[in-house]
Amino acid sequence: MQAAVHLGGAASPEVLMRLRYGYVALATLWIYDYVTTLDEELPFILEFSWRTAKCLYLACRYLPFVYLGATLFRTLDQHPMLSMCETYYSLDSYLGGVIVFAAESIFFVRAYAIWDRSRWILWVFIVSVILLLTPIVAILVEYNSSTTVTDEIAPGISGCSKIGEGSIIFVVYVLIVIGETEILLLTLYRAIVKYQYRRQGTNVLKTLIQHNIFYYVCGLISSVFLIFAIVAFPPSYSDIASSTQITIHAMLVTRMHRELWRSNNESSYPEQYTLTTFHAAAPYRSV
């Protein structure tokens, strides 16, 4: 059964022209963040071995360049072909999905580590990925096929614009919130158990909890806003809201991962959880 298509029409040409400034500002913010934190990143990358968390970090750090680059090409192209507009929109949706998946996976790796790399927690994650990622991929495929794209933002004015989209896309953001809630609860439960056992928290563990709560709140607020934008506004508004969410997700998770590294390095006493915990080989052992 085909998903219902929300045909809110395109935003006015004046609004679409102003949205271009928003995309440029978003790309500028990302580049600024990258340049100003590059001195932190170089030792961070060089000291880490090639493990899952490092690969996920690099995906969150560098895929947004491709994602935002495609977005800028789509937005600023003065004489686009319709086929290229469709390609840009499809590329944005899939790349954005990969970036968010990598960001969420980093937080699972953290939860997995403080659960002492438990076998059953790993299986919880595998089952969750199957149950959440399968409908997300199916929805993205359906969404891209049902999206109505034009190469004119107004009669006589060329430019890529979306004039209709599948309203089922809001389910993706609901599923993302469900995944974030699961990771947060796993982390909080284990942290409480460890705190009661040790009667003191470690710097790394405290940092983990702060990061997870802040990231969850940001993700929840942005997802609720996006669902509202999808339902209430023309598709072009939800596009820039989605791009903002993806960029902020990537920016938050990369900054938080580097901060976790600094927290570990600045600790003046031995930690139970160190950054090596997140990059060591994963022996299957039970809690």
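Note: Cβ is positioned from N, Cα and C throughout, glycine not excepted.
Pulled from TrEMBL:
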| type | residues | note |
| --- | --- | --- |
| DOMAIN | 21-66 | domain 'DUF6533' |
| TRANSMEM | 55-73 | transmembrane segment |
| TRANSMEM | 93-113 | transmembrane segment |
| TRANSMEM | 120-141 | transmembrane segment |
| TRANSMEM | 168-192 | transmembrane segment |
| TRANSMEM | 213-233 | transmembrane segment |
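Taking Cβ pairs closer than 8 Å, the transmembrane segment (93-113) reaches residues 52-53, 56-57, 59-60, 63-64, 66-67, 70, 121-122, 125, 133, 136-137, 140, 143-144, 172, 176, 179-180, 183, 186-187, 190, 208, 211-212, 215, 242-243, 246, 249-250, 252-253, 257, 260, 273, 277-278, 282 in its own chain, all 6 or more past its ends.
The domain 'DUF6533' (21-66): residue composition by secondary structure is 42 helix, 0 strand, 4 coil, according to DSSP. As a whole-number mean, the pLDDT of the domain 'DUF6533' (21-66) in this prediction is 88.
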